[in-house]
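Undergrad: To start, I am sharing the structure in question, which I have written as structure tokens.
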Amino acid sequence: MNKIVVLTGPTASGKSSLSIQMAQRLNGEIVSADSMQIYRNLDVGTAKVTKEEQNIVPHHLIDIVDLTANYSVGDFIIAADKVIADIISRGKLPIIVGGTGLYVKALLGFQELEYAASDTEEVHKLNAYELDKLVVELKSLDINRAQKVDLKNKQRVIRAIQIAKYGKKDAKLTQRPKYDALVIGLDWPRELLYERINHRVTQMVQDGVLKEAQTILDAGGEKLQSGKAIGYKEFFPYLRDQVTLDKAINQLQQDSRRYAKRQLTYLRHQIPGLVWLKGQTAELRLTEMIEGWLSLK
């Protein structure tokens, strides 16, 4: 199997900066495994690497869809497999970087998924319908599938309708390892991680996250997949003059800390073979660890 390196961990753990250093030293290219960095023009709230950083090392699967688009795990796997194959064909090392645990798990082959390729135009049409009507349509198409889907989650109902309509596009991601992967997680003492998260949120406000949140709100707000993300939805009440900015900031800090805790729990229980490194000293050990692993046949 082809070798890849995966660098994961909770939000604000330092994955992006460390991955750039790794890629420079190991002749690698970075493949984002972040479910929000796929969106164009959402840079601050997603903690996306800068254009200058992207010029230092090639980054893939960043800025690939509009902020109104839906994007599934299946879409990610299709795109990531193609990018990884291309990187390997050019003699470089694919370095997968991101904290979206389901993306990582599925890419490694430990998650069986059923998916249909996204049809953006149809998704827009389906989004215009009320949830009740979508549920009725899904039940009429495939009652068995309807019984397995969270019927209160509009996006999952829409995805189920797509799969039910286009059975020929269904596919199974087999539950077996697809790559020879070294999977590394960055771990921080909770107090330090929370400090980093709180600081990041403050910096995001200074860097213009409110402008991005307003753009999402104008395009549909919570109705959009991008509008449900931590980092933007917390500012919608402020932009609607319902709460103060301080309250919105505090809410985002709290939501981000809770999200980090969930990320850690998921990664520890769902990703087989993950090796944890202390975030404070990971840079000192990482390159040597990877070089030793790459030398193994």
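Glycine is no exception: its Cβ is also placed from the backbone N, Cα and C atoms.
Annotations per Swiss-Prot:
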type	residues	note
BINDING	Gly9, Pro10, Thr11, Ala12, Ser13, Gly14, Lys15, Ser16	ATP binding site
BINDING	Thr11, Ala12, Ser13, Gly14, Lys15, Ser16	substrate binding site
REGION	34-37	region 'Interaction with substrate tRNA'
SITE	Thr100	site 'Interaction with substrate tRNA'
REGION	155-159	region 'Interaction with substrate tRNA'
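Thinking about packing and proximity, how do these listed features fit into the structure?
TA: Residue environment of Lys15 (ATP binding site) contains 26 other Cβ atoms, counted within 10 Å of its Cβ in all protein chains.
According to its DSSP assignment, Ser16 (ATP binding site) is helical. Sequence-distant contacts of Ser16 (ATP binding site), defined by Cβ-Cβ distance under 8 angstroms and a gap of at least six in the same chain, are Ala47, Val49, Glu53, Val97.
With a cut-off of 8 Å between Cβ atoms, the residues of this chain six or more beyond the region 'Interaction with substrate tRNA' (34-37) that come close are 45-46, 48, 61-63, 71, 76, 97-100, 103, 226, 229, 231.
Counted within 10 Å of its Cβ, the other Cβ atoms near Thr100 (site 'Interaction with substrate tRNA') come to 21, all protein chains included. In the three-state DSSP scheme, Thr100 (site 'Interaction with substrate tRNA') falls into the coil class.
Counted with DSSP, the region 'Interaction with substrate tRNA' (155-159) comes out as 5 helix, 0 strand, 0 coil.
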Undergrad: Per DSSP, what is the residue tally for the region 'Interaction with substrate tRNA' (34-37) in helix, strand and coil?
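TA: Helix/strand/coil tally for the region 'Interaction with substrate tRNA' (34-37): 0 helix, 0 strand, 4 coil.
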Undergrad: Determine the mean pLDDT over the region 'Interaction with substrate tRNA' (155-159), rounding to the nearest whole number.
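TA: Mean pLDDT for the region 'Interaction with substrate tRNA' (155-159): 84.
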Undergrad: Relative to the mean position of the Cβ atoms of Gly9, Pro10, Thr11, Ala12, Ser13, Gly14, Lys15, Ser16, the recorded ATP site, which additional same-chain residues have Cβ within 8 Å?
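TA: Going along the sequence, the neighbours appear as Gly99, Leu186, Gly279.
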Undergrad: How far is it from Ser13 (ATP binding site) to Thr100 (site 'Interaction with substrate tRNA'), counting Cα to Cα, in Å?
TA: 13
Undergrad: How many whole Å apart are the CA atoms of Pro10 (ATP binding site) and Thr100 (site 'Interaction with substrate tRNA')?
TA: 9
Undergrad: Give the helix, strand or coil assignment DSSP yields for Thr11 (ATP binding site).
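TA: Once the DSSP labels are grouped into three classes, Thr11 (ATP binding site) ends up as coil.
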